[in-house]
Amino acid sequence: MDKYCVFGNPIAHSKSPEIHAAYAAQTGQSLSYEKWLAPLDGFGAAVQAFIAAGGKGANVTVPFKLEAHKLATALTLRAQAAGAVNTLVFGADGSITGDNTDGAGLVTDIVQNAGVPLAGKRVLLLGAGGAARGVVLPILEHRPAALVIANRTVATAQALVEQFGALAGPGVLSACGFTDIAGAFDVIINATSASLSSDLPPVPASAFVPGALALDMMYGAKPTVFMEFAASHGAAVRDGLGMLVEQAAEAFEVWRGVRPQTAEVLAQLRAKL
Ligand code: ATR
């Protein structure tokens with residue numbers, strides 16, 4: 001039976017084993033998927049131990065996504081763009097390929113699950129850290145009319161515009177601070193870590209309009225402060241649970257070559273939150 005795992009620290013909370021077990025049952029794939037608590041100073045050794053034990057691939061979560069990027073012997077284009085790795089593929093030749101399925105997961109959740117196309121739309125991305133960087137390329141691939149990256153530290157958002165500007169059409173990609181956000185947006189994505197501390201990024205209410213979609217990458221039993229704020233200004237809201245399920249589906253397809261259905265798994269996880 002092929003072996004997979006998720007590396008993280010902490011890892012007890014991870015829903016990935018449950019998600020991948022459901023995908024394996026649904027697609028008739030024979031595999032095991034476990035949680036692996038890697039020591040904070042021992043990620044590389046943990047990966048090597050898992051490979052030695054016959055591991056075929058792994059997911060990587062906080063705080064090891066940057067280390068996984070360094071450890072990989074080859075990187076997919078989307079992992080290079082993200083600067084971080086959440087999916088590893090171990091080759092029989094000893095190769096370690098680093099991929100990143102987070103951005104694809106977000107975009108699939110917006111376009112397919114929420115039914116909101118990004119093509120020709122005005123998109124606002126809040127935050128410019130690791131989570132934001134990982135989704136810029138997949139969003140641009142859908143050809144939005146505008147992608148505005150707003151961040152507390154404007155220079156970090158500006159650096160993303162410099163990194164990705166050549167891949168966007170003229171004038172499509174821009175950076176600003178929260179107070180400079182102008183106009184309304186069709187899709188607003190909160191990629192800041194503010195929700196972790198129940199903070200609201202200071203985004204103006206005028207960014208939200210009825211018909212807009214506001215998505216927070218965080219999830220929990222209750223809506224985040226960002227989702228409550230967006231809903232109070234007429235936007236439809238979504239948390240990050242769909243992104244979690246879709247990034248896992250994308251990783252499953254990378255490893256097994258089959259695409260699982262996600263709707264039922266998402267509903268089951270939602271019921272347990
Ligand atoms: P992650 O991997 O979750 O993206 P990160 O790389 O540390 O974590 O990035 C955190 C992001 O959340 C940054 O964009 C950060 O803004 P700064 O670049 O100005 O630090 C943003 N952030 C964190 N707390 C925030 C808050 N209370 N309000 C607004 N933005 C916040």
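Glycine too: its Cβ is placed from the backbone N, Cα and C atoms.
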> Which residue of MET217, MET227 does TrEMBL report at the same NADP(+) site as GLY127, ALA128, GLY129, GLY130, ALA131, GLY240?
Replying inline: MET217
>> Among ASP2, ASP93, ASP102, which residue shares the shikimate site with SER14, LYS15, SER16, THR61, ASN86, TYR219, GLN247 according to TrEMBL?
In response: ASP102
> What span in Å does the NADP(+) site cover, taken as the longest CA to CA distance among GLY127, ALA128, GLY129, GLY130, ALA131, MET217, GLY240?
Replying inline: 17
> What are the non-local neighbours of SER16 (shikimate binding site), defined as same-chain residues 6+ apart in sequence with CB under 8 A from its CB?
Replying inline: VAL6, TYR33, LYS35, ASN59, THR61, ALA248
>> The record lists SER14, LYS15, SER16, THR61, ASN86, ASP102, TYR219, GLN247 as binding shikimate. What's the largest Cα to Cα distance among them, in Å, rounded to a whole number?
In response: 18
> So which of LYS15, SER16, ALA128, ALA131, GLY240, GLN247, listed as binding-site residues, have a Cβ under 6 Å from an atom of ligand 1?
Replying inline: ALA128, ALA131
> Over the domain 'Quinate/shikimate 5-dehydrogenase/glutamyl-tRNA reductase' (117-195), what is the model's mean pLDDT?
Replying inline: 97
